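To keep things clear, I will list the structure first and then write my remarks on it.
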Amino acid sequence: MAGSISCFFMVIILLAFAPLSLCYEVYGGEGGSLYPQYYEKSCPKALEIVRCEVAKAVAKEARMAASLLRLSFHDCFVQGCDASLLLDSGNGITSEKNSNPNRNSVRGFNVIDDIKAALEKECPHTVSCADILQLAARDSTVLSGGPFWEVPLGRKDSRSASLSGSNNNIPAPNSTFQTILTKFKRQGLDLVDLVALSGSHTIGNSRCVSFRQRLYNQAGNNKPDSTLDEYYAAELRNRCPRSGGDSNLFFLDFVSPTKFDNSYFKLLLASKGLLNSDQVLSTKNEESLQLVKAYAENNELFFQHFASSMIKMANISPLTGSHGEIRKNCRKINSY
């Protein structure tokens, strides 16, 4: 009963945000296209099922919203948005979960499993894991107070994964601005996409190991990062020592850590971005700085750009038509 009530309110929330939605038809690869109504006839309850499962997971743990949103990024930046991230090792697959950006970091796989199981019960072998990832990212954003957008659907799942692609394509938290921008451009994304999508760090956590160098030895001179507010740095050192405590968690946005809003950008302007990859958005490029300022001043503009950039990212090299498959289990390729 409690689960049904949670799902009911999730649908109400999403409908309330529907006027903010962006509706696009985005064309995929050979033999097919992506569009929001893809499952309208084959699995009419698909979107409602995803919403309900995400709502239950986030109600149980608010942090899960950020974790599910992050999965979509880490999937799309490797081989495109094809759910390769979800594959476990075995049967010739070397899992992307073991890459440097993902190991002991990405999470939420059990929630994706629950969504897939519910969908398989309702309409077997119909909804792809790749589409589940994108829907879960959108619903997690909305549940956290962020924008709603129509998710183009119709992706197929890959039959391969790329550990090297995961290691090489996903920007590291200590990356330089130019390195991050270059990796975004390789995916067909631009500077606006980079800054807008970085705003996803308005929710979620990061581990001490991901930003420790900023506190103690940013430039190899045993001094903290000069672009980090000294009082904030001192506070961070209390729970992020020079050694040990690698997995201690810190809010990426300590002002409103579970609310999707523009406070992340306000913190960047105050020199209180947690990760180096966050702070460089306001310190290393004038055009990027102007975007940070614009989003800090205008939450609606941030929401509009974020939704648009999520749609754009979700169209990175999708498998459509006869390419790929619909996995029965998101963790392994089908057996034929």
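Each Cβ is built from the backbone N, Cα and C atoms, and glycine gets one as well.
The active site, proton acceptor annotation in TrEMBL covers His74. Positions annotated as heme b binding site by TrEMBL: His201. Among the features that TrEMBL reports, disulfide bond is placed at Cys43-Cys123, Cys76-Cys81, Cys129-Cys330, Cys208-Cys240. Per TrEMBL, signal peptide is recorded for 1-23.
Locations of recorded TrEMBL features on the structure.
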| residue | record | Cβ contacts under 8 Å, 6 or more apart |
| --- | --- | --- |
| Cys43 | disulfide bond | Leu119, Glu122, Cys123, Thr126, Val127 |
| His74 | active site, proton acceptor | Leu85, Glu96, Pro101, Asn102, Val106, Ser166, Ile170 |
| Cys76 | disulfide bond | Gln187, Met313, Ala314, Ile316 |
| Cys81 | disulfide bond | Ser72, Asp75, Ala130, Leu133, Gln134, Arg155, Met313, Ala314, Asn315, Ile316, Ser317, Pro318 |
| Cys129 | disulfide bond | Ala83, Leu86, Ile112, Lys116, Asp157, Arg327, Cys330 |
| His201 | heme b binding site | Leu252, Asp253, Tyr264, Leu274, Leu275, Asp278 |
| Cys208 | disulfide bond | Arg239, Cys240, Gly245, Asp246, Ser247, Asn248, Leu249, Phe250 |
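Every protein chain shown contributes to the tally, and the Cβ of Cys240 (disulfide bond) ends up with 22 other Cβ atoms within 10 Å. For the disulfide-bonded residues Cys123, Cys330, the greatest number of Cβ atoms within 10 Å around a candidate Cβ is found at Cys330.
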